[in-house]
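**Q** Below is the structure I would like to discuss, written out as structure tokens.
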Amino acid sequence: MNDISSDDIFLLKQRLAEQEALIHALQEKLSNREREIDHLQAQLDKLRRMNFGSRSEKVSRRIAQMEADLNRLQKESNTLTGRVYDPAVQRPLRQTRTRKPFPESLPRDEKRLLPAAPCCPNCGGSLSYLGEDTAEQLELMRSAFRVIRTVREKHACTQCDAIVQAPAPSRPIERGIAGPGLLARVLTSKYAEHTPLYRQSEIYGRQGVELSRSLLSGWVDACCRLLSPLEEALHGYVMTDGKLHADDTPVQVLLPGNKKTKTGRLWAYVRDDRNADGSVGTCSVVRLQPGQKRHPSADSSCLLQRCAASGCVRRVQRAVSQWWDNGSCLLGSCPPKDPRCARPHPVSTDGRSPGADRSVVCHRGGYKGNAGRAAAC
């Protein structure tokens, strides 16, 4: 093997420096193209918003030109990054993605596949175990109804003719046909998965079981009565705290037989003192109010912290003054024509109001906001 001369080493170093300079130039060019694409995309979105209301030929031509420029830049960017096939550009190696394994707690059904013939298909020789390839596939088994038949045998005494029979087991609903698992499924689908009762009735009908909407509604009402002691205990636990977090969400309520919906208020109350005392557990309750005529927490004497999307401080002032007078915390509403409550909040790109994350804490003798300043009312 011939020894490498110093000239060859110098030539290799020179070529390496040229390659590094070329890579740096291509990366800089790619960054410039990406910035230009983002800039054109922002301008295109702005023009589309301008063109949404009234169409203009001038704006339409500019949008078409910008779309053509954007497509051209994206093609050039794809060529530089190797996302499209180009023999002149070296494509980077594709990175293999590691898939997250399935939880070990899931039950597994193993299916072993053996060769079709017990001998070698080429020469007919005997086969010996060499190894195996394993692949897992996630499958969902359809929830099936099951009828539980309870048979209570009657036995008669041979001496005194007495009849002995085991007592009937208790049921969640007296003389009801639904078991605890089915009731839990109906409640979970309605309140956790937001599936209406009429849709649940259609789902069960496709499985061969006819359960009317009125029957499901009766089950839900009976379960609510059964869970009322637990709900009252949770409500008392939340409302007895010295500090209360509350928020209201407008919901459209459609009563049976009505064509128009009414706007109700869904009030959520949270007790969370983990920052003050880590030993106290957190809890939350929800109340549905038909409107805003009366605040549900009018009878609770506690500090009220409301994450108000409006950011109106006047409500907090009135709540503090009323609590100062009679010891109760009442969160009122602004007068409908109060000019000081005109607070136009621009909507951000994600559709939320800038004051949605503002929370105001009521204190005796004053108020303060965690956003650093209060919104102008």
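Positions of Cβ are set from backbone N, Cα and C atoms, glycine also.
OK, TrEMBL features for this one:
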type   : residues : note
COILED : 9-83     : coiled coil
DOMAIN : 39-110   : domain 'Transposase TnpC homeodomain'
DOMAIN : 119-161  : domain 'Transposase IS66 zinc-finger binding'
DOMAIN : 175-282  : domain 'Transposase IS66 central'
**Q** Within the coiled coil (9-83), what mean pLDDT does the predicted structure show?
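**A** Overall, the coiled coil (9-83) comes to a mean pLDDT of 77.
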**Q** Counting each residue once, how many in the domain 'Transposase IS66 central' (175-282) are helix, strand and coil under DSSP?
**A** 49 helix, 21 strand, 38 coil
**Q** On the DSSP side of things, how many residues of the domain 'Transposase IS66 zinc-finger binding' (119-161) fall into helix, strand and coil, could you say?
**A** 0 helix, 5 strand, 38 coil
